[in-house]
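Copied from TrEMBL, the annotated features are:
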type	residues	note
COMPBIAS	C:406-418	compositional bias 'Basic and acidic residues'
COMPBIAS	C:425-443	compositional bias 'Basic and acidic residues'
DOMAIN	C:15-421	domain 'Ammonium transporter AmtB-like'
REGION	C:406-474	region 'Disordered'
TRANSMEM	C:14-34	transmembrane segment
TRANSMEM	C:55-82	transmembrane segment
TRANSMEM	C:102-125	transmembrane segment
TRANSMEM	C:132-153	transmembrane segment
TRANSMEM	C:165-186	transmembrane segment
TRANSMEM	C:207-224	transmembrane segment
TRANSMEM	C:244-273	transmembrane segment
TRANSMEM	C:280-297	transmembrane segment
TRANSMEM	C:303-324	transmembrane segment
TRANSMEM	C:336-354	transmembrane segment
TRANSMEM	C:374-394	transmembrane segment
Amino acid sequence: MQSDLATVVEGVNMVWVLTVTFLIFFMHAGFAMLEAGQVRSKNVANQLTKNLLTWSVGVTVYFLLGAAVSTIVGGFTGGGGADVLGAFTDLYMPAEGAAGTWVNWLFGAVFAMTAATIVSGAVAGRAKLRAYITYTVLLAGVIYPVVVGFTWAGGFLSTLGFHDFAGGVIVHAMGGIAGLTAAWIIGPRMDRYNDDGSVNVIPGHSMAFAVLGTLILAFGWYGFNVGTAASPLAYSEADGVTLASFAYVGRVALVTTLGMAAGAMGAGGLSLVKTGKVDTLYVANGVLAGLVGITSVADAIVWPGAIVVGLLAGAQLPVVFGFIEKRLKIDDVCAVFPVHGSAGVLGALLYPVFAVDLWAGNASFVELLVPQVVGVVVIAAWTLAATAAVFGAFRAAGEARVSREHELEGLDSSEHGVDTYPEFGGRDEAVRVDGGVRIDGGKRTRGSRPPSDRTADGGRVSGVEKTTTEDGEN
Amino acid sequence: MQSDLATVVEGVNMVWVLTVTFLIFFMHAGFAMLEAGQVRSKNVANQLTKNLLTWSVGVTVYFLLGAAVSTIVGGFTGGGGADVLGAFTDLYMPAEGAAGTWVNWLFGAVFAMTAATIVSGAVAGRAKLRAYITYTVLLAGVIYPVVVGFTWAGGFLSTLGFHDFAGGVIVHAMGGIAGLTAAWIIGPRMDRYNDDGSVNVIPGHSMAFAVLGTLILAFGWYGFNVGTAASPLAYSEADGVTLASFAYVGRVALVTTLGMAAGAMGAGGLSLVKTGKVDTLYVANGVLAGLVGITSVADAIVWPGAIVVGLLAGAQLPVVFGFIEKRLKIDDVCAVFPVHGSAGVLGALLYPVFAVDLWAGNASFVELLVPQVVGVVVIAAWTLAATAAVFGAFRAAGEARVSREHELEGLDSSEHGVDTYPEFGGRDEAVRVDGGVRIDGGKRTRGSRPPSDRTADGGRVSGVEKTTTEDGEN
Amino acid sequence: MQSDLATVVEGVNMVWVLTVTFLIFFMHAGFAMLEAGQVRSKNVANQLTKNLLTWSVGVTVYFLLGAAVSTIVGGFTGGGGADVLGAFTDLYMPAEGAAGTWVNWLFGAVFAMTAATIVSGAVAGRAKLRAYITYTVLLAGVIYPVVVGFTWAGGFLSTLGFHDFAGGVIVHAMGGIAGLTAAWIIGPRMDRYNDDGSVNVIPGHSMAFAVLGTLILAFGWYGFNVGTAASPLAYSEADGVTLASFAYVGRVALVTTLGMAAGAMGAGGLSLVKTGKVDTLYVANGVLAGLVGITSVADAIVWPGAIVVGLLAGAQLPVVFGFIEKRLKIDDVCAVFPVHGSAGVLGALLYPVFAVDLWAGNASFVELLVPQVVGVVVIAAWTLAATAAVFGAFRAAGEARVSREHELEGLDSSEHGVDTYPEFGGRDEAVRVDGGVRIDGGKRTRGSRPPSDRTADGGRVSGVEKTTTEDGEN
């Protein structure tokens, strides 16, 4: 009878883990659309191909190497040591009856691949395919597994008490920092900055795809966060069946919802205040930044904290993006650092303020804060160093980015030999702006009209007037 | 042992509720694509932003206010009274161990937000963002919660025996009626009607997005309907574990499937009869109308009834749309009333004809019909009155719609400062037709070609010939 | 107590079956986008309409006729005989308490409709809508049910030991062979081949939709494969609760993942070797071919086999596609035979090589191989014969394809009276190539530039240079 109940519990948990794993996998469609929408039409297929290959190459490497590296790093840095060979054989040849081994591996793999795919948005439009894929191999095989080893796999950050529920730092900030680092090393797209240091806006080719991607990601994110409550039921001879993570799954569901909602409002609100208009891409990225912000803490903060974290995660988007673009002069094409990096760090560092444990008097602010700071610093430093080393080596070898000719031509043609939209005209856009906020949307007027025609409103060239070149091409 | 089984049952039910809740949330991606596809390219980002903000603003308001309003209205109109303060505190601060409180709230919230987002399709292309968002706040906080209070939360319509299984009236007809009312008060788009009262067709910019949205919605709808069988298992000391709603979940799954299929065939068939062609947008909207039609009755009608309801729900689309467009002169851009309003009412009123209870001799036609009529009238009257009051106030204040200049420019630019497709040409379309049926698809020939060149086929200007302005722009 | 456990098991299994059924249904959105992306903009709505109607008409026919035909064919060819009338009445009027009958029917129906929808991609751009729909009726009512009768419903191939876990042959190869046959009978699009027998490339209108469709399909495929482990738990008085299919669900999850990943790598790798570039559409179709390849064997092969099957399934794509295009001169627009047909056959025939039973010494190579060969031959022969008969009859009656005028005009206008993208320009593309590989992406240079300007690289016309007609139209 008791073993019957244990089996029921195992079955229910497996149904749940599989369901949310599929949802998280579907986030690749979200990333593909989000990124494709934010690049020029000449680079869309390149972005899509990178997304497909990130998953394909990455997940294979994560099976053959990465998952075992996590286990090993977790064992050694957690002080317990590790059976190096066993880490591989337990996965390659699980014991009879270990029905869940490969299910649990896949559950881990979809998180790993989320981290990996974030990077492609930052280096869009100029990274060489072979450099990107090689980096993906290293990320899936070593760089991300080391982070997981330090944390979820029982390593020293775990011992220290670092709290990252579903990967706000481990997955998202890691991906955002890796993306920013890669974009920094590779350098900006050729038409992103002018000789005088001023910035050109290069709007994405389809806001519709960007928002579709956002909503797919939000859908998958429910799997990401709520699904991390990965064992709805538990069974022990002593206690019988208990609700395990379902004791807090309601909190995760609520906090995730309020966080994403507040993220949209924070980003949209700031956009309205600064420019008088509610920028669509801000709102969309605000949804994602809100989600990133509460991902590390969704199980353990009071719900008003979710609203605050979301609002701040959304509102920091334009500030951080502007800093990266104008001060650091890094061309983070899809704003992956503001969305995944700084938002993830923000949420993790605000944990002590809104922790249920603090408000219930079970923990002090400082004892909650210290592990968070250490965790963020360690993960950021490792990710930055490893990524800089890899892309630095590519750059030194002249293999980091495509030729100027290929970049001008577009990567769809030069790297993939395809044309994403053979029947639709493509005007190539790059707009000089002298201030103000816009992640998106300006439009270059071309041809015979004088530069003075570029009327700036709130620092953004109006997207309305359409002019055309003399030869009638568009 | 028995408490073990009770816990297992709770766990299984929670897994199910969460899974379908995520599916229903994903319907926002469906609505976003469906609506974006049906508007002109200059208004796409506006539609997408409204969808993102409907969810973000609405769900926050529904947590802070709306859900409690439902409970209170349900308590008072159901005759039992209500603990007003408790309605809030039970949600804000649920008791320890009440793991499901917030899960169940989120399950209710995704239904509420479905009702809210329907409205945006009706007022596309001219509603002011701030007016729309303010209405969303009121809908999420009061207007929809009152409807739920009357019904699912135990109010007087519930007592009366009004049957609405998953929200064919409560959610969809409510949204459709609200949308029609708002579109009526705001007035049509500036180029929708000519001075002589004749109608211009304004085709949506992407049939592909419209159909993608339809299929995403149908996917989510399985969660909406089948998921409303929200407690697969039940447990009591007396009876042990029983299959609860799973006794009829098979019926819901079958009826939902046949209803949507018949909706497509009804709409496509009528299109074929009237114009000799199978209009794609009719078929897509027919899928949705069929789903709306059987949503209120999916648990309790015989399956041949699903086919009849679906066929009628599909076939009424062009009739009702034509009536609204030509007689009422209301510009319901995305046909939300024919799809969600009249189809929802139709299904609810046909319930007595096809009720399992009638066919099994457990209830008479009249005793089934009366509550349905009363329910539809009450919900329609309340929704119409509340919506008319809100948008009437906006109109009186001159805040209901954007300026003619901004409407001409497009709301993407004027309200959001973005250009959805900066690299693709946009021809602005408005086609005069003098009769016949078309929700979609005509194409204006422009420039040097004379109006006589607009060959009508079945009342629709052929979408084939492509002409261009003299200056080579498109 | 024991009946309580039996009920719990029934509830858990039903939750799982419903969840994966919804995922598999969502594959229709994937097929719609995949196919829409691979056709010209003038035929997009036609493709979308066919997808909507395949589901709507097909699922209705499968309820009224097809499912019972499966049961009957299975009974008779399995040697047990069948209750012909009972096959219908058991479905139309299931006994009280048979909660799962309609749930299980829907689970079967989504597989049936997957087979049906594959065909539409092969006959894109010229099949008459009424011919296609009539074929869908026959496929859903008879052709596919006969295949299921032979196999899953207990027919003679099942008795023989034919192994097809989730439908790599029964669903996918069946659909791929039907599509190829239909495309062969109908003949190629009018501009696909030149008088001298040389081949024109007709690139699809949107790589973005094609890749979106691919990722939606991969998402749904997890339901298709992992979901086929359809009874996570089992209960019997003797054994109590056991994990049933969950003993191998981990294998299915892993093999499905590695198979799709290897498919992308196989196709992308071969593309790189042959043309020096990584063709995006190859990679996308490689994901699908890898999935098709392992679908029949995902429960029962060792995981290194999944990598081999995936790599081969991907790598055969260009070879098989080229053979069909250049030797057979069949215009399989969306490459459905290479993706679904040959990949499915490949996986089924490689089963004996990688079977767990072989490696564990429980079965010999030959005894595993024979049923696979017989199964593939029988299913292929039946599908080819039935499809050829139906489309042959249509062709004989002059009803198989639209007129040349309508084909030139585009099926969106001629069959549906709509324009998919009324605001975007459409350049009509057909490119002559003289050799080499490309499923996609060449671009015709038009107007004043001489043919010699069409520089071939690896047999593919570069997609980069954009020229325009003299009149400035595009």
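Placed from the backbone N, Cα and C atoms, the Cβ positions cover glycine too.
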Contact check, the transmembrane segment (C:336-354) vs the transmembrane segment (C:207-224), 3+ Cβ pairs under 8 Å, seq sep 6+: no
Beyond the flanks of the transmembrane segment (C:55-82) by 6 or more, those residues with Cβ under 8 Å of it: 28, 88, 90-91, 105, 108-109, 112-113, 116-117, 133, 136-137, 139-142, 144-146, 148-150, 152-156, 158-159
Whether the transmembrane segment (C:165-186) meets the transmembrane segment (C:280-297): three or more C-beta pairs under 8 angstroms: yes
Remote residues contacting the transmembrane segment (C:102-125) - C-beta distance under 8 A, at least 6 residues beyond either end: 14, 17-18, 20-21, 24-25, 27-28, 31, 34-35, 38-40, 43, 46-47, 50-51, 54-55, 58-59, 62-63, 66-67, 70, 91, 94, 132, 135-136, 139-140, 144-145, 148, 167, 170-172, 174-176, 178-180, 182-183, 186, 189, 202, 224, 230, 332-337, 340, 407, 411
Summary of DSSP states over the compositional bias 'Basic and acidic residues' (C:406-418), given as helix, strand and coil counts: 10 helix, 0 strand, 3 coil
